[in-house]
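What Swiss-Prot records for this protein:
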ACT_SITE  E140  active site, proton donor
DISULFID  C26-C41  disulfide bond
DISULFID  C35-C47  disulfide bond
DISULFID  C40-C54  disulfide bond
DISULFID  C59-C63  disulfide bond
DISULFID  C96-C158  disulfide bond
DISULFID  C170-C178  disulfide bond
DISULFID  C277-C309  disulfide bond
DOMAIN    24-65  domain 'Chitin-binding type-1'
MOD_RES   P67  4-hydroxyproline
MOD_RES   P69  4-hydroxyproline
SIGNAL    1-23  signal peptide
Amino acid sequence: MRLREFTALSSLLFSLLLLSASAEQCGSQAGGARCASGLCCSKFGWCGNTNDYCGPGNCQSQCPGGPTPPGGGDLGSIISSSMFDQMLKHRNDNACQGKGFYSYNAFINAARSFPGFGTSGDTTARKREIAAFFAQTSHETTGGWATAPDGPYAWGYCWLREQGSPGDYCTPSGQWPCAPGRKYFGRGPIQISHNYNYGPCGRAIGVDLLNNPDLVATDPVISFKSALWFWMTPQSPKPSCHDVIIGRWQPSSADRAANRLPGFGVITNIINGGLECGRGTDSRVQDRIGFYRRYCSILGVSPGDNLDCGNQRSFGNGLLVDTM
């Protein structure tokens, strides 16, 4: 009897160990978690450093970049402090809620946690990624208007917290439970919202954002990290914004049938396609494009093709369900 009990117990322990060892480690399968020690995250959610993890078509995040352009692979060789100030010219205007918050140093420090950002591909791809990232986040935080000084596209990063009277944005969840008294309205460059986004974002960057969501609006580095996390993280069936802009994403037959072709327009679709795409001309989409064209001009790169999403079918609701 005791032998049978011991055998059964051993079998149970082995099964539990096997189950724990089989849990996915990273990416969309693990709530946006990242691999340690510079490992790649495979499309199946596992960490490793071989072609099965890092190769084209096998890697979903933390993938190796393309050739490093002359001048160094670091982000500062693409966007300098003076360029940052030129792009976000009025972010420190007295009328802006975010005055003094968004800094170049905070951006660079945050980007170090996402080594593929702005460092993947050739110089054109890298510049377009910087332009696209700041265009989309500038739209989310814009304080500009049609007749604003220096034009409407010089007023990105004006706002820090969602305007109006936002609710708590709490959706019941066993995995990402809302903390008592906390609200998960839009904050930071990408205006991240909802507990089911704050939770995995915090887990990925190593901060408890479910209990401390306002860190996104009080710590500039965490604020930029929240936007970069969204940018770099795919959420099936959507690719990551990063993979689209550097040319890694290749549309499926279903994507092509939906007119989702590589370019800036697909990124808008990823972010807020449920509300903005497939509707013909949309002022919000045009605002995003306006920022993108301006930033491409400052960085000295062409914007590429397929900037609009007016004729694209939506992927569905974006991670950011309510955006400007």
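Note that Cβ sites are derived from N, Cα and C of the backbone, with glycine treated the same way.
The shortest Cα-Cα distance from C35 (disulfide bond) to any of the disulfide-bonded residues (C63, C158, C170, C277, C309) is found for C63. If you count neighbouring Cβ atoms within 10 Å for each of the disulfide-bonded residues C63, C309, the highest count belongs to C309.
With respect to their backbone Cα atoms, C96 (disulfide bond) and C54 (disulfide bond) stand 42 Å from each other. If you take the Cα of C178 (disulfide bond) and the Cα of C54 (disulfide bond), they are about 35 angstrom apart, rounded to a whole number. Checked against C63 (disulfide bond), the recorded positions C41, C47, E140, C158, C309 differ in C-alpha distance, with C41 being the nearest. Rounded to a whole number, the distance between the Cα atoms of C40 (disulfide bond) and C26 (disulfide bond) is 9 Å. If you compare Cα positions, C158 (disulfide bond) sits closest to C309 out of the disulfide-bonded residues C40, C41, C54, C59, C309. In this structure, the C-alpha atom of C47 (disulfide bond) lies 9 angstrom from that of C54 (disulfide bond). If you take the Cα of C309 (disulfide bond) and the Cα of the residue listed as 'active site, proton donor', they are about 17 angstrom apart, rounded to a whole number.
When the disulfide-bonded residues C54, C59, C277 are screened for a C-alpha within 10 angstroms of the C-alpha of C41 (disulfide bond), the residues that qualify, in sequence order, are C54, C59. Counting other C-beta atoms within 10 Å of each candidate's C-beta, the disulfide-bonded residues C54, C178 are led by C178. In terms of C-alpha distance, the listed recorded positions C40, C54, E140, C170 place E140 closest to C277 (disulfide bond). According to DSSP, C54 (disulfide bond) sits within a helical segment. Relative to C59 (disulfide bond), the recorded positions with Cα atoms inside 10 Å are C40, the candidates having been C40, E140, C170. Counting other Cβ atoms within 10 Å of each Cβ, the disulfide-bonded residues C40, C41, C158 show the lowest value at C158.
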